[in-house]
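Summarising the annotation, TrEMBL assigns active site, proton donor/acceptor to 215. Among the features that TrEMBL reports, divalent metal cation binding site is placed at 29, 165, 215. According to TrEMBL, the substrate binding site annotation covers 112, 114, 132. Look at TrEMBL and you will find 27-275 tagged as domain 'SMP-30/Gluconolactonase/LRE-like region'.
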């Protein structure tokens, strides 16, 4: 396990970072490349919007939601699922209709959903957290991690979570990677794809206090992790087998929130960011805060 990254030596000169969507999002999050449409989906949690952007035409569309919206994923049957408030909702894009399917954390009205992703078998994993007083300041250990199957059966896997966040699976689907942001760690679990059960939790990477918070995460074609560091202005490329940080990509905003790969050959890394919580001075220094960035090279 490694505790730090040598940013200067690991930053590669060929990397190009550009802001492709000047969204000005309060909390841009949950980027997802929809391959069939060649579009990038993402949400603005506090801005209560789901966005869809097509790189080839640079056209953006959005749908407004009635509550904080924390993630969006496509459905096999068409349309999308989104995490809105504490509910999993079905979203019909063309009509902007939203139908609540199941509510989580019913006994915790101050909670809301945060990150969510679909596993290789089609289960939706989604986590919760307490409502924030200020960005990343929450009542501790109020969140949980759930899975929801296509028949809407719900399983609770973890409790006493602070901020349920980044998740993804290893290439062989046998390991589930997960982030509870305030723990400052990236964790791994043994994952049973048949049952969806988690086991053998361990830490694969640990940030130092003051480096920022690990937030959203994705896995690349080599099985390595890319982790957005909130209040850290960068994305780390981590080898989960060795716990070594292989590369750091710096961005011109501090509140980097999540990332995903996309583009015709999945060679572009898209990174979302937030502007909520920046004071006027910080906003002047970070005019692109809340934008979506494309990292290439």
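One-based numbering along the chain as shown.
Quick reminder: no glycine exception, Cβ is built from N, Cα and C everywhere.
Residues within less than 8 Å, Cβ to Cβ, of residue 114 (substrate binding site) and separated from it by at least 6 positions along the same chain comprise 70, 71, 83, 126, 127, 128, 129, 143, 163, 164, 165. Each of the recorded positions 29, 132, 215 was scored by the number of other CB atoms within 10 A of its CB, and the lowest score belongs to 132. Summary of the substrate site environment: with the site residues 112, 114, 132 set aside, the chain residues having Cβ atoms within 8 Å of the Cβ mean position are 45, 68, 70, 111, 113, 128, 129, 130, 131, 138, 163. In sequence order, 67, 68, 70, 85, 86, 128, 129, 131 are the residues near residue 112 (substrate binding site), counting only same-chain partners six or more apart with C-beta under 8 A.
Taking the C-alpha positions, the distance from residue 29 (divalent metal cation binding site) to residue 215 (active site, proton donor/acceptor) comes to 10 Å. Shown in sequence order, 30, 114, 115, 163, 166, 179, 181, 216, 228, 230, 257, 258 are the same-chain residues outside 29, 165, 215 whose Cβ sits within 8 Å of the Cβ centre of the divalent metal cation site.
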